[in-house]
Amino acid sequence: MRKPRRRGGLAGAQSDASDTGTAAVEDSQPRSPSPYRLKVSPTRETLTYAQAQKIVEVDLDGRLHRISIFDPLVVITEDEMTAQDIAECNSNKENSEQTSVSTVVSSPRRSVANRGKKKDVKQLSSSQNHCSNSHGQSQTQSSGNSHHGTLPKPTFKEHEFYEPVEAPPRPSAYYRYIDKSSEDPDTDAEYDMDEEDVAWLELVNEKRDSDGQPHISPDTFELLIDRLEKESFLESRSQASSQSVIDEDAFCCVCLDDECLNSNVILFCDICNLAVHQECYGVPYIPEGQWLCRCCLQSPSRPVDCVLCPNRGGAFKQTSDGRWAHVVCAIWIPEVCFANTVFLEPIEGVDNIPPARWKLTCYLCKQKGCGASIQCHKANCYTAFHVTCAQRAGLFMKIDPVRETTVNGTTFSVKKTAFCEAHSPAVNGSDDEETGGRVLGCRANRGRSAYMQTPELKKQKGSNKVDSKQPQKKGKKEEVSKKTTTLLVTVPEIPAQRLNKISKDVIIQKKNQFMQRLHNYWLLKRQSRNGVPLIRRLHSHLQGQRSAEQAEPDEKLNAVREELKYWQKLRHDLERARLLIELIRKREKLKREQVKIHQAVTEHQLTPVLVLLSSTLEQLQEKDTAKIFAQPVNLKEVPDYLEFITHPMDFSTMQSKLEAHKYRSVTDLEADFNLMISNCLLYNAKDTVFYQAAIRLRDLGGAILRHAQRQAQNTGFDLDTGMHLAESPNKNDYYRCTFEDVDTLLDPDNRLHMTTENQLRELLEKLDVVTSMRSSGARTRRVRLLRREINKVRFKQNLKNSHMLNGDLKEDDDEDDEDKEMDADHNLSSSSSDKDDCKSTPPPMLEPTGLALSPPPGDTPQEPPTLRPMTSDPRTSSCGPPGIQFEYGRASSHIDPMFFVRTLTTEVSHLNNKIIETGYF
Amino acid sequence: MAKGMYLEHYLDSIEGLPCELQRNFSLMEDLDKRTEAKKAEISELASEYIEKVKNLASEERVQHLKKIDSAYNKCKEFSDDKVQLAMQIYEMVDKHIRRLDAELARFENDLQEKLDSGSQDSSDEKQSRKDKNMKDKRGSHARDKKTSDQDSPKQKKMKNGPNISESLLAMHPSDVLDMPVDPNEPTYCLCSQVSYGEMIGCDNSDCPIEWFHFACVGLATKPKGKWYCPRCTQDMKKK
């Protein structure tokens, strides 16, 4: 036997049938007048673990019996058995469901208990199988006279060393309900057989038996039904016949109100679409799943007629004598009431209606002798009308709750007032309407109903015209029921080929015949259930589906959706392509960069000296902001230039020499640089712009060149090839030096052992180092001191040189450019030839150099020559040219020497930063 | 359907895209090969130079180096061409994308209009759906009349829209955003993140980064005139 079915929502409240089976357990008192008291065995849920350990579960006849191991069991005989069986069946809700089931009762047997030690083999009674097909047959044995058989001797033995088996570990999680995803239900059957199916299948199997064919298993049956259901579901979906269209403004057809509160929602009958409030129809709890109104539930095929009015449609309930009446009618007709005021059924008291009421003629439908009418509440007005007619016509009907205090206590009742059309309190009504004023529990809102004329018509349409054969009034209910009946037939229709396909899944003999039968059976079953799918999931699904379909023609929507999806996919692809191409673009840019870097690398590899030199040259050129030295001296402008200068030099020439690999080392470059400077100094007078520029460039460039020289030494070049040495030389850290070193050097006594050139070189180096240090007060001071020393040394050199009167510039050491300059000046002055300053527009002027040299050495420490020009000579300003020279003089006369120092140091530090930055070797 | 039409047109136009892409990419490949060949040549020249440099007079050296230089110039040319090509392809695809976006917007508009016109009759049905829910006894929501009267227009706007059109269309923009994240998606900006929100391009054509998030460079609105990224500004200041 299959597990018992649950019946109905309410009946099924007892949660799990298979677990709650009752068991017949012998009572402890051995003899009772009525043979055996039945005791409901405890459900599993109520047991504690400890209790469960002492319970034996016996599965008898599909029912579980739990018997305590302490309960004595009584041996019973067959006759007693029967009686017990009957009693049991009657007492037990579950068993009563199984109406036509042969009950096989075997006597409860106490099997080996969990507690293994006492392994008792008390066989209490030999079991007898007893088939009783009809329960009615066996009421005779209720008396407890039983003949006892002799008890068999129990035999047992004790195990000495018995280890109780460890209880299996409990699963960490108990069973969970997992909703099936919509994809996989195809694999197994969702349908469960009910009793009807079981009976049917039994019949079929009997037939098959007689034909010598094998049985159809219930599983197969379920599977097939499941398939049929799903097929029809798909079918109906594709048909998409809009079933019942429910208007949004649905209102309860009892109270004509559309109010919908959480505690009192409007329910819709799943078949006829009847809309009623929970309270109005007496549905205190919303059942799960489908809900059917009474008349769909109990009289689905025939429309019912109200005994109290001629109208059809609306909310019906059965009367106590099995007829039907509107709930509204029952509410309004004073003699009629509900037997159960919660469930509002059945309707009682129809018989109590006085004949006078039956005889009233409804002034609305004019039908005589048809139903019971009520009368206008107005005194002296005897106008009669049916309740439903009144509702339909929108008469004033109002129910007010009334609280009455009587001797018995407070009771709540309602006062119902209904007026005929003539006496309707119009103002009141409109008031109601305007404010939307709800009367508590308002069952008849006149304003509302008047205003809801149309929908009301729809519902109650048939009401007064029942006679006129125009079943327009049959109203919604009728229409709907018609619709549903047609639907019933159409929906389950499954094309034969599909049927074949379904049947392919199973292997049965005489398949076609069986399938035909099954299909018919299923059709009938569906019909009997008003076309509601047998699988609940599909049922609710169907509804959702339908409403979705109503919203928009499904196919069109789908098509559009598909299209949109397609485009979006395309967009996606394009987007990806775009990203890819963007990446490619970036890659190509990087590759381009790579080529450039590659080139630079190759250059560094092949011609490192060239690179160093060109960068040095570039830096030097940068220092020449006025571009004075950028191009060769224009001989047309200065025709006599070559008279003085034998080897003209300029940056562009240097550049081309560099490119032609004429320079092998920094020294070569430096030589040309110095040549250029000295040329300038030689040719130009001391107070010209050019002279100033040359001096300035000499100092700045000197630093750059010294830095380049150091770099070159550090890197180690093969001067022959202009490439790196195989091994890099030891690195000298030229920049490691402390203020102490500087200080010792600053003391002239410490330098006595050195030549002036060496002294100058040392000092310049220290200057470079110190200026490259982080700016601080100590640094600034030392820089100043260094400069002073440098100038002193230079001056000394000059003096020395002037004594030597050595005019050959070429043989001079690079370091003593100052001296050369002085020298040149001296020469110039000695020759006393007036030279034109050809490079500038200002008129040439001759600087009496002798005066420049006049200050005795050491009398005033000379500031760096760059920015401390000619101010020492007051006459320069007077005899100087009006133009630049004048400005220079004037400006410098106002400038505080400290300012020069500051600017100078910042300039130098900037320069050094630059050098450090550019020196990336 | 009318909307089908212009989308059809679009399909026609996009049909050539793959071929075009292929053509351009093969061109690019060709250039790349030539660049690589040049590079190989350069390295050969370089090693030759290193070998022989001792015996070479400075003129010869210059000559040799010039050869290398010219090879590099060729390389750079090719690279420039490739970049140019890549930009062209990008533009092409971008144009297609923009067009598709425009078409899609039109498509959506049409759909919206159609739905709006149909909303009158569909609204009832929607309401009925609501009732169906109640009928299903799941939607046992309160429906106070007064509030429902007030709410209904608003609700309609909110609900009717999403009901079909937006639930349908809403897919679109989000879809593009919700694209699976490509781990190789190009990154931009100082933060090296993928592009999002508003971006600004550096007006220095050699900018290594090119695009910046507004937030990362402290912009709220698009600046007028030229805009250079912080790095390029710094570089330019140096010069």
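The chain as shown is numbered from 1 upward.
Here the Cβ of each residue, glycine as well, is placed from N, Cα and C on the backbone.
Keep in mind that TrEMBL annotations are predicted by a computer and have not been checked by a curator.
Features of the protein shown, as given by TrEMBL:
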- B:Cys189, B:Cys191, B:His213, B:Cys216: Zn(2+) 1 binding site (BINDING)
- B:Cys202, B:Cys207, B:Cys229, B:Cys232: Zn(2+) 2 binding site (BINDING)
- B:123-154: compositional bias 'Basic and acidic residues' (COMPBIAS)
- B:186-235: domain 'PHD-type' (DOMAIN)
- B:112-161: region 'Disordered' (REGION)
- B:Tyr188: site 'Histone H3K4me3 binding' (SITE)
- B:Met199: site 'Histone H3K4me3 binding' (SITE)
- B:Asp203: site 'Histone H3K4me3 binding' (SITE)
- B:Trp211: site 'Histone H3K4me3 binding' (SITE)
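Feature map: annotations from TrEMBL on the structure.
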residue  : record                         : DSSP class
B:Tyr188 : site 'Histone H3K4me3 binding' : strand
B:Cys202 : Zn(2+) 2 binding site          : coil
B:Cys207 : Zn(2+) 2 binding site          : coil
B:His213 : Zn(2+) 1 binding site          : strand
B:Cys229 : Zn(2+) 2 binding site          : coil
From B:Met199, B:Asp203, B:Cys229, B:Cys232, the recorded positions whose CA lies within 10 Å of that of B:Cys189 (Zn(2+) 1 binding site): B:Met199, B:Cys229
Cα-nearest neighbour of B:Cys207 (Zn(2+) 2 binding site) within the listed recorded positions, B:Tyr188, B:Cys191, B:Met199: B:Tyr188
Nearest-integer angstrom distance between the alpha carbons (Cα) of B:Trp211 (site 'Histone H3K4me3 binding') and B:Cys202 (Zn(2+) 2 binding site): 6
Cα-proximity to B:Cys232 (Zn(2+) 2 binding site), 10 Å cut-off, over recorded positions B:Tyr188, B:Cys191, B:Met199, B:Asp203, B:His213, B:Cys216: B:Asp203
Candidates B:Tyr188, B:Met199, B:Cys202, B:Asp203, B:Cys229 (recorded positions) with Cα within 10 Å of B:His213 (Zn(2+) 1 binding site): B:Tyr188, B:Met199
All-chain count of other Cβ atoms within 10 Å of B:Cys189 (Zn(2+) 1 binding site): 21
Of B:Tyr188, B:Trp211 (the recorded sites), the residue whose Cβ has the fewest other Cβ atoms within 10 Å: B:Trp211
Candidate nearest B:Cys229 (Zn(2+) 2 binding site) in space, where candidates are the recorded positions B:Cys191, B:Asp203, B:Cys216 and distance is Cα-Cα: B:Asp203
Greatest C-beta neighbour count within 10 angstroms, which of the recorded positions B:Met199, B:Cys202, B:Cys216, B:Cys232: B:Cys202
Rounded to the nearest Å - Cα separation of B:Tyr188 (site 'Histone H3K4me3 binding') and B:Met199 (site 'Histone H3K4me3 binding'): 9
Non-site residues, in chain order, whose CB comes within 8 A of the mean position of the CB atoms of B:Cys202, B:Cys207, B:Cys229, B:Cys232 at Zn(2+) 2: B:Asp203, B:Asn204, B:Pro208, B:Ile209, B:Glu210, B:Phe212, B:Tyr228, B:Pro230, B:Arg231, B:Thr233
PLDDT averaged over the residues of the domain 'PHD-type' (B:186-235): 84
Fewest Cβ neighbours within 10 Å, where candidates are the binding-site residues B:Cys191, B:His213: B:Cys191
Proximal residue to B:Cys216 (Zn(2+) 1 binding site) among recorded positions B:Met199, B:Cys202, B:Asp203 (C-alpha distance): B:Met199
